[in-house]
Amino acid sequence: MMPPFGLLHRRAWASLFGQLLRPSGLVCIGEVHFHSQVSEAVLISQLKPHQEKSNFVIKTPKGTRDLSPQQMVVREKILDMVIDCFKRHGAKRLDTPAFELKEMLTEKYGEDSGLIYDLKDQGGELLSLRYDLTVPFARYLAMNKVKRMKRYQVGKVWRRESPTIVQGRYREFCQCDFDIAGQFDPMIPDAECLKIMCEVLSGLQLGDFLIKVNDRRILDGILAVCAVPQSKFHAICSSIDKLDKIPWKDVRHEMVAKKGLAPEVADRIGDYVQRHGGVSLVEEMFQDSRLSQNKQALEGLGDLRLLFEYLTLFGIAEKISFDLSLARGLDYYTGVIYEAVLLQTPAQAEECLNVGSVAAGGRYDGLVGVFDPKGHTVPCVGLSIGVERIFAILEERMKTAGLKIRTTETQVFVATPQKNFLHERLKLISELWDAGIKAELLYKNNPKLLTQLHYCEHMGIPLVVIIGEQELKEGVIKLRSVASREEVAIKRENLVAEIQKKLSES
């Protein structure tokens, strides 16, 4: 008789595999089947002694992390608040694959295209992990010939950049997007996107914030009137976009030394991109002798003037700043662009809470046409909420405040002070579950009552129902408040209604 599988010594198994593997195709050892196509070397390598793994480090890949139950509670609250806002504005949910055909993603992100994760060819299709949720949405619209849609999407995206964990920057992270697709009157959807951004940031109580707005047509107009060659537009925009991180002199140096721009041209750009203000700056730019001669810039300024009119009606104009340095590096933007940043207090600056922008977006009227075989376009505008960065801020604040987070939503715990009452506890908890009440019990036949009560206090469970011999005889259940430790006897048939009443009062 053959010994059990787990009792054979590793060397004995290796020897046995060598003897039993035959060219016939299939070998049976007891109930375990092995294909002869598997080489002896592979099988033996899988049975190497455990000691050889001593140098193996258990860790998550660089730029990724696990989220604990405590962290997930905070994260879910953030997502719930964001999604509630999206639904309030009439959006429907969409989902797309985590990976796309590589050709769908290439040349859509400018200099950032090098950050796309390519997957190994598995035979047939070259694939890449999605870089954002916007390009897959545009692909979906073109593929399904959808001309009008207001959608939101929540999902993970991947970018092969250097992570900065303290600032909430990862290689794998979650995005929450809201987009409006379709041909509508100018700036009404754009204004709603900015209103949503304000609602989300205000609702999350992150502190004071500012939303910078610009228009890619204005930026292109500036570069044109400053005599920047058309071939350098994207490269120079990428440099301008760094002005929120490094001073103008460093940006100017990059333009001149690294990107070959004439010093006098860089200086002319500097006269524009260091300016910011409100609607008055829009009017000022209309009067600019050079910019007023550029058709693209005038179109952008006209739309911004209208946008500020709608933002005033929404009551959020004071949260918006017309910032000529805002560039948004992604190639697909064609019109209004925006980015939200938190305004730090000195105390917050000392706590290293500078996470950069916490929300961003803009108009991309040409992206759907790139995917459509006939080039049919669907104008789109949208926004993305930076969940990871917001989470980093809230997590840091909670650590500082020493807040305890409850990781379950259990409302009632089923307990007993006596032995041999598991069957009664199981019947009782089943009644509670069937009534839609969130309930737990300890997975032990005879747990001590004190252990059960301590568990409730530790987990923050508000109510305990206690059943014992006396309660069973009298047809009652004791209902105990964990906080006050008060107990009342409730008739068994009234228990569910009484629990629901208590929960509604709390």
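Counting begins at 1 with the first residue displayed.
Cβ atoms are placed via backbone N, Cα and C, with glycine included.
Note that TrEMBL annotation is computational and uncurated.
Residues or ranges marked as domain 'Aminoacyl-transfer RNA synthetases class-II family profile' in TrEMBL: 63-417. As a whole-number mean, the pLDDT of the domain 'Aminoacyl-transfer RNA synthetases class-II family profile' (63-417) in this prediction is 92.
Taking Cβ-Cβ distances under 8 Å and a sequence separation of 6 or more, the neighbours of Asp132 (L-histidine binding site) in its chain are Tyr109, Val157, Gln175, Asp177, Ser384. Among the features that TrEMBL reports, L-histidine binding site is placed at Asp132, Leu133, Thr134, Arg159, Gln175, Asp179, Arg328, Tyr332, Tyr333.
With respect to Cβ neighbours within 10 Å, the binding-site residues Thr134, Gln175 differ, and Gln175 shows the lowest count. Its own atom aside, the Cβ of Arg328 (L-histidine binding site) has 21 Cβ atoms within 10 angstroms in the protein chains shown.
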